[in-house]
Amino acid sequence: MKRHYNKLTVDNIPFKLKRNKNSKIQMNFQPDSYSTDNIALIENGNNESVSLGAVEIDVEDEVFLFSSEDESLKSVHNNTIKKDLCNIVFLIFLYFLQGIPLGLTGSLPFILGSRNVSYADQGTFSFAFWPFALKLLWAPIVDSIFIKKIGRRKSWLVPMQYIIGILMILFSNYVHQLLEINQTTTRKDIYSLTTIFFILTFFAATQDIAVDGWGLTILSKENVSWSSTCNSVGQTAGWFVGNIVFLVVQSANFSNSYIRPFFSLPNQQFGIVTVEDFMRFFGLVFIVTTTCVFIFKKEKETESVDSLEDTLTLKQTYKLVAQIVSLPSVKKLTLLLLTSKVAFGIQSMVYLKLIEKGVSRESLGLLAIPLTPFEIVLPLLISRFTNGPRPLTIFLNTYPFRILSSSLMVLWVYWTPSFRNSDGSYGLLFFVVCILINAFNSIWNTTQSVTMMSFFTRISDKTVGGTYMTLLNTISNIGSSWPSTVSLYIVDLFSVKTCSVDDYLNAFKNKIFNSSNSYKLFIDMIEKNTCSNEEMRIKCLKLNGKCEYKIDAFYILGFIFALVGLLWIVYFRKIVKKLQSYQKSNWKLNFSF
């Protein structure tokens, strides 16, 4: 039976339709401009919703090309954006605030790397990033429990931002002592830093849940798709300030070379901004702006129920998550998501190894400046290749190229010392090659991320799409996090180091020994020091020595992970084909609450 549509309505404005030989409906206006509630094809007097998530949408049996006879649609689009402009800026600012503690947390591995902490300690600190990967565990609580007088989202947003601001001020001096005053960083210090930043990330993740939910109601239905753009722009800007800008202004070398001379200030042994200054300033920013939000920004709670999710209790939401996970198709997909990033776990160590080779942390931070706009534009450039009918096939086909890029990064670390100048610095050529290798890696990383997100969108049961998508993204995030953490521990466990002293005699003269054979004892202390634990590393430093690798497990693990990636392709090729062959019914839920 053929289906005939005679008109299209956008915000109740009718537009004529006409036949198209290409068997596709083609949009000649901005995709994602309107929600499905405001756009409908009219068939025999019945409304049929059409999603504008893509430029082209397939419709069964018979399809048409629609176009307006005037420019009224463009004016409608522009007017709706202007209507929500203040709320869009407001959401971007909330996401910007969220990005500050996240970026600051992301900067610490660079600082710790420059303080020669072990990779096991770096692995311990990596747990500070995990709350964002696990936020689904408490997201239903944030969505279900609130104070009606304050508002569903403000009930969580306001206290979370107050807590983040207060904690940043309270911990600022302590973090300053650990990172900038103390000469060495002990394992106890690592546990303290991990706990502090795990708590900050936890509250930032909770704030993210509240802002994501508010974005769905604070914007009008025709502009609700802007919420994801606000997230990307705001969080990226916040991360940039909390990570890149902080690393630059906190560096004594960069401040003395570029910032202080510009303002005719004398050189100092610390950066123009300390971690204490940074945390106190943005702690105050959090408190002041949150007070303004609490007093002046009113939350209008929507009364309409748009999906089954809005009617579920807290218990039913958790039961829904369990039902999704229990689907056979989702179980196969979960196995794929939890193992697909193992081959690339070594990438989390690349910048840490470069710091170990003498590349300054602020220089590595500055590499993000040309890479950030590239990574923003890249999804748009590759979207025409990733929006096909079989996204997992593209994911699988690009997998070997990502293994190649990961291997190139490992080789680049190995070749880094050959680019080092006599004064210990690195020239322009080194950083240009760094940018090119990172850009090459970003192409395949972004392609895989976009194609997997496209697959998630296709298979999610639309009646519970938010929970379905959040669950799949959570599993994907865990699949990205655990290989990085495990890699740090493995490299630390299997690497073999020794204490190396360039000039034994001069080093000996700086020590005091009472026995006649003290020189021999001094040599024995050095040669028996394997730098295998924190105590030995500290002793080596006190002997004017430094811990150097006899066997660096980083390169061995890089080879093993590349081999694991190739085996993954062989094993999961059939599973990928199976997942793409499933019908919609294989991904749908049979609700039983």
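Note that Cβ sites are derived from N, Cα and C of the backbone, with glycine treated the same way.
Where the annotation comes from TrEMBL, it is an automatic prediction and has not been curated.
Listed in TrEMBL:
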{"type": "TRANSMEM", "residues": "88-112", "note": "transmembrane segment"}
{"type": "TRANSMEM", "residues": "124-147", "note": "transmembrane segment"}
{"type": "TRANSMEM", "residues": "156-175", "note": "transmembrane segment"}
{"type": "TRANSMEM", "residues": "190-211", "note": "transmembrane segment"}
{"type": "TRANSMEM", "residues": "278-296", "note": "transmembrane segment"}
{"type": "TRANSMEM", "residues": "394-414", "note": "transmembrane segment"}
{"type": "TRANSMEM", "residues": "426-444", "note": "transmembrane segment"}
{"type": "TRANSMEM", "residues": "553-572", "note": "transmembrane segment"}
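At the 8 Å Cβ threshold, with sequence separation of at least 6, the transmembrane segment (190-211) lacks contact with the transmembrane segment (553-572), having fewer than 3 such pairs. The transmembrane segment (278-296) shares the most Cβ pairs under 8 Å with 156-175, out of the stretches 88-112, 156-175, 394-414, 553-572.
Note: the stretches the transmembrane segment (553-572) and the transmembrane segment (394-414) are in contact (3+ CB pairs below 8 A, sequence gap of 6 or more). Across 88-112, 156-175, 426-444, stretch 88-112 shows the highest tally of CB pairs under 8 A with the transmembrane segment (124-147).
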